[in-house]
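Peer 1: Annotation source TrEMBL lists L-glutamate binding site at ARG6, PHE7, ALA8, PRO9, SER10, GLU42, TYR168, ARG186. What TrEMBL records for CYS98, CYS100, TYR111, CYS115 is Zn(2+) binding site. The domain 'Glutamyl/glutaminyl-tRNA synthetase class Ib catalytic' annotation in TrEMBL covers 6-233. Feature annotation from TrEMBL assigns motif ''HIGH' region' to 9-19. Taken from TrEMBL, the feature motif ''KMSKS' region' covers 224-228.
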Amino acid sequence: MAYVGRFAPSPTGPLHFGSLITAVASYCDARAHNGKWLVRIEDTDIPRIYPGSEDHILRCIDAFQFEADDAIIFQKDRLDLYDAIINQLHKNHLVYACQCTRKMLGSNHIYAGTCRDLNLPFEQQAIRVRVSDQEICFSDRLQGTHCSNLQQDLGDFVLKRRDGIINYQLAVVVDDYLQGMTHVVRGADLLDNTERQIWLGSILGYPKLKYMHLPLAMNDQGQKLSKQNMAQALDLNRAPELLQQAIRALHQPEVDLDTPAHMLKQAIAQWDIQHIPHTKELEGTYL
Ligand SMILES: [Zn+2]
């Protein structure tokens, strides 16, 4: 079976233990399927890039001895490509300009389609994609069946912001396609994004992907580890210990402390996703 997977962090802060769990799971799952593993830096939201975090990501990949099968790509170098896709969608009448301000939208999280038929010019406006009133479902390898009706749950959503920033959802879908991705392994915090990405993939005619959403590591406040919640940056001097903890967090068989490359090799040989808790959160707390 063909398998191409990826690790796709956003450089909005240094990588933390939750990121390591995702890196390990995506890597072991790809290698256990004799697949390829790619790294992509999701940095389209340029104002949110945290100084030094791209460098920290690259140093982590080295320190944990992950081997990417291709050059690492940076989405901020590919903005023209995403614009070209928006133009393609425009030609097919699948996107439109929206002049609604945050104030006009208020606290309503479901976009009512106010600008759908106004035919506004694209300059200086947000660009939204049309969604349809239908249930989109997928079968997650860990989380089971997950569904959403985008029209009822969300409404037409933004692909490009008024300030020109390309939305994460679009960049993910386009790059997963261009990089030949077959499998997505990532944190369960992204479960609710998946139907939007499936919708975009379907209107662009891209092949379907298989998804696995991992349970999240939580801190002692009951929050997921994240840059916003001040998760500790991965300490590259403790790579073997942290790797052993990440493999444990995924409930995989124990690996011996060794060089990271050897530990990963052992983890790949023992890899079994049935051991991973089929939940959205891991038990226990992490820093
Ligand atoms: Zn609008």
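Here the Cβ of each residue, glycine as well, is placed from N, Cα and C on the backbone.
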Peer 1: If you draw a 10 Å sphere around the Cβ of ARG186 (L-glutamate binding site), how many other Cβ atoms fall inside it, taking every protein chain shown into account?
Peer 2: 22
Peer 1: Give me the non-local Cβ neighbours of SER10 (L-glutamate binding site): same chain, 6+ apart in sequence, Cβ-Cβ under 8 Å, ordered along the sequence.
Peer 2: ILE41, GLU42, ASP43, ASP45, ARG48, TYR168
Peer 1: Around ligand 1, within a Cβ distance of under 6 Å, which of the binding-site residues ARG6, ALA8, SER10, CYS100, TYR111, ARG186 show up?
Peer 2: CYS100
Peer 1: Quick one: pull the CA-CA distance for ARG186 (L-glutamate binding site) versus CYS100 (Zn(2+) binding site), whole Å only.
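Peer 2: Counting only the Cα atoms, the answer is 32 Å.
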Peer 1: Long-range neighbours only, meaning 6 or more apart in sequence with Cβ under 8 Å: which ones does TYR111 (Zn(2+) binding site) have?
Peer 2: CYS98, CYS100, LEU105, ARG128, LEU154, GLY155, ASP156, PHE157
Peer 1: Which sequence positions outside the motif ''HIGH' region' (9-19), separated from its termini by at least 6 residues, show Cβ-Cβ distances below 8 Å to it?
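Peer 2: The answer is 41-43, 45, 48-50, 52-54, 56-57, 60, 168, 187, 216-217, 224-227, 231-234, 242, 245-246, 249, 286-287.
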Peer 1: Which whole-number value in Å describes the distance between the Cα atoms of CYS115 (Zn(2+) binding site) and ALA8 (L-glutamate binding site)?
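Peer 2: On Cα coordinates alone, these residues lie 33 Å apart.
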Peer 1: Are there residues of the same chain, six or more positions away from ALA8 (L-glutamate binding site), whose CB falls under 8 angstroms from its CB, and which are they?
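Peer 2: Correct list: VAL39, ARG40, ILE41, GLU42, VAL172, ARG186.
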Peer 1: Tell me the Cβ contacts of PRO9 (L-glutamate binding site) under 8 Å, same chain only and six or more apart in sequence, or just say none.
Peer 2: LEU15, SER19, THR22, ALA23, ILE41, GLU42, ILE57
Peer 1: Hey, of the binding-site residues listed (PHE7, TYR168), which one tops the CB count within 10 A?
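Peer 2: Sorting the candidates by Cβ neighbours within 10 Å, the top entry is PHE7.
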Peer 1: Would you identify the secondary structure of TYR168 (L-glutamate binding site) according to DSSP, in three states?
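Peer 2: In three-state terms, TYR168 (L-glutamate binding site) counts as helix.
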Peer 1: Counting only residues 6+ away in sequence within the same chain, which have a CB under 8 Å from the CB of ARG6 (L-glutamate binding site)?
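Peer 2: Looking at Cβ-Cβ distances below 8 Å from ARG6 (L-glutamate binding site), excluding near sequence neighbours, one finds SER26, TRP37, LEU38, VAL39, ARG40, ASP176, GLN179, MET181, VAL184.
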Peer 1: I'd like the number of other C-beta atoms within 10 A of the C-beta of GLU42 (L-glutamate binding site), please.
Peer 2: 18
Peer 1: What residue among the binding-site residues CYS98, CYS100, CYS115 has the most other CB atoms lying within 10 A of its CB?
Peer 2: CYS98
